[in-house]
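Enquirer: Below are the structure tokens for one structure; questions will follow.
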């Protein structure tokens, strides 16, 4: 499998290198679907210019990245294109290795269940075969590297690509069972954008499962490991925040980065749900609705963790998708990360209900974004309502996609327990309804 992966990496890097040398390299970074006030490259450049002049990059209202990012690019600014291409390659390789290891775990559990005759005889057709699972890691890497959203994000030099690399490394370390490295990369992801905090629960559930520690509030082993992992995570996060303070000798970055993410002061149009709503919002209602909108990202963590506590990797996929949809400044690069996992759930296709409709809507919206932007900003024949309407439809399609996969996953698990062909007490065929 190393040769196909290497070929894929070469093709992906070549595409990006060609686009970096084309006229599109100047157009793409201006697209509001690809960059946001948080991760736009031109803002990083302005922050570096301020830093070189001896002025705090957070003195104005331009730069909103973290201190570690700006000091990182302070040393590699001349090799920025290579850095972003390497970040995409690193993300793809990390996802490839993580899914490969996860598939081994799934196959091993499936084998033990078959030997113990836990599956009903009529659902054996749902069992995954090694041949079926062999190419899934390569497909995941391909879905990430060759996704137009990922390519656009890389060519725009959006720092979203670096965030995706950190989250991919976190997933890899979690699946490999490395508690310390998992906590460090999760802390780094949280340090970058707050929202990955919600990935703490699925990571903890997976590591507990790997160590055969039951999720039982009365077991001391459960509390001991939870405390250890939380200490490693919070300790790593504190080290990063303190290091940022020592680099800048100021706490200004807290309000400029995290305050900016949570309070959403910049209402530049994007593919998210915040900008239009708060542009029309009366000021005295703003704080209440900011809390309502922001809580969406965190609210679903507990119920999903309870429902999917036996399936933490799928829970990670769900949480990344929720973050991508409900964060305050989303870009297409965020969407590309969770879409890369779709081949890992190819065994759910037979249970998906709206996949064709959702796929068509996502493709249509992706094509209409630049069209409606041009009609609004340049032609003047449309207004912000047109652009927000297509944004709203795009997010609704994403929600339908994620909920459809959630339904399909639960339905397959139900069939593996109760059989594929359900019967009522009177012997007639039953219909499974998700409530």
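Keep in mind that glycine also has a Cβ here, set from the backbone N, Cα and C atoms.
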Enquirer: Quick test of your reading of TrEMBL: among 184-208, 409-433, where does it put transmembrane segment?
Expert: 184-208
Enquirer: For the transmembrane segment (257-278), which recorded stretch in the set 143-172, 285-302, 314-342, 354-379, 385-407 gives the largest number of Cβ pairs separated by under 8 Å?
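Expert: Maximum Cβ contact count belongs to 314-342.
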Enquirer: May I ask which of the stretches 143-172, 229-251, 314-342, 385-407 has the most CB pairs under 8 A with the transmembrane segment (68-99)?
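Expert: Result: 143-172.
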Enquirer: For the transmembrane segment (285-302) and the transmembrane segment (314-342), does the number of C-beta pairs under 8 Å, pairs 6 or more apart in sequence, reach 3 or more?
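Expert: Answer yes, regions in contact.
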Enquirer: Using Cβ atoms and a strict cutoff of less than 8 Å, what residues sit near the transmembrane segment (314-342) while being 6 or more residues removed from its termini?
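Expert: Same-chain contacts beyond the flanks: 33-39, 91-92, 95, 99, 140-141, 143-144, 147, 149-150, 152-153, 158, 160-161, 164, 167-168, 171, 174, 193, 195-196, 198-199, 201-203, 205-206, 261-262, 264, 266, 270-274, 293-294, 296-297, 300-301, 304-305, 308, 395, 398-399, 401-402, 405-406, 409.
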